[in-house]
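Down below is the structure, laid out as structure tokens.
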């Protein structure tokens, strides 16, 4: 009887233990269900977050593509600007060479002009000498005319001195003829010198016109150089702006790459956490 009671107590104890284990199993099952539901909620949230991350990744990919296109466009603009600068440099060099040649021609023209001015001065001095000689000849002619008048007066007053006066008159007339010939020669020489002076003056005017033409051409070259210089400055500004744009785009790309790398790490961490959750669910 004692053995039966003892066995009953043991059975009762086993029953209580079984009930405790059943309650504990139910509690664990309930906890497992709650944990499973929590994991399912977390999984749904992670899937939603993962979808948002994928959308954001697509957006970043599109932004990266746009940035790359802008970078290529900026590189093309910078290359075009550099090519334009090189072309302008070549044009400026050609203009400078042409300007040097024009300055050389202008210097030659100025030298010829100076020589022509010297020749004109010499011609003017020669004309003054001729004028002085002609003036002296005229004075001499006037003196001879006075002498001729005196001789005629003496011939009228004294017939006895007729022969002597006639002889003197012949001499004076001969001198007068020679003087007239010299005067005519001086006048002819003066005409020649006037013609030469006229030619020198025309040459001088031609050289002055040519010098004025060179001066206008030089002003034109200076204006072209100024225009090319302004274009060069504009091209340099465009090139600098393109370089700044490229630097800005490179920084934007670097930032996007850093953010993309961070999102990849975040995605990897979420994937690992999701794998752990799935493993926990599988083990339960």
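Residue numbering: from 1, along the chain as shown.
Glycine is treated like the rest: Cβ placed from N, Cα and C.
Positions annotated as coiled coil by Swiss-Prot, on the basis of similarity to another entry: 1-284. Taken together, the residues in the coiled coil (1-284) have a mean pLDDT of 64 on the 0 to 100 scale.
Annotation source Swiss-Prot lists region 'Disordered' at 1-43.
The compositional bias 'Basic and acidic residues' annotation in Swiss-Prot covers 12-40.
Summarising the annotation, Swiss-Prot assigns phosphothreonine to 53 (among others) and lists similarity to another entry as the type of evidence.
Per Swiss-Prot, the feature phosphoserine maps to 61 (among others); the stated evidence is similarity to another entry.
Residue 87 (phosphoserine) carries a helical DSSP state (H, G or I). Marked as phosphoserine by Swiss-Prot: 87 (among others).
If you look up Swiss-Prot, you'll see 108 (among others) marked as phosphothreonine, on the strength of similarity to another entry.
Marked as phosphoserine by Swiss-Prot on the basis of similarity to another entry: 206 (among others).
Look at Swiss-Prot and you will find 215 (among others) tagged as phosphoserine.
Here Swiss-Prot flags 252 (among others) as phosphothreonine, drawing on similarity to another entry.
Here Swiss-Prot flags 261 as phosphotyrosine. Residue 261 (phosphotyrosine) has a Cβ environment of 10 other Cβ atoms inside 10 Å.
Sequence annotations record features per position, and here Swiss-Prot assigns phosphoserine to 271 (among others).
Residues annotated as phosphothreonine in Swiss-Prot, with similarity to another entry given as evidence: 282 (among others).
The phosphoserine annotation in Swiss-Prot covers 283 (among others).
The two recorded residues, residue 261 (phosphotyrosine) and residue 87 (phosphoserine), have Cα atoms 44 Å apart. DSSP gives residue 261 (phosphotyrosine) a helix state. For residue 87 (phosphoserine), the count of additional Cβ atoms within 10 Å of its Cβ stands at 12 [all protein chains shown].
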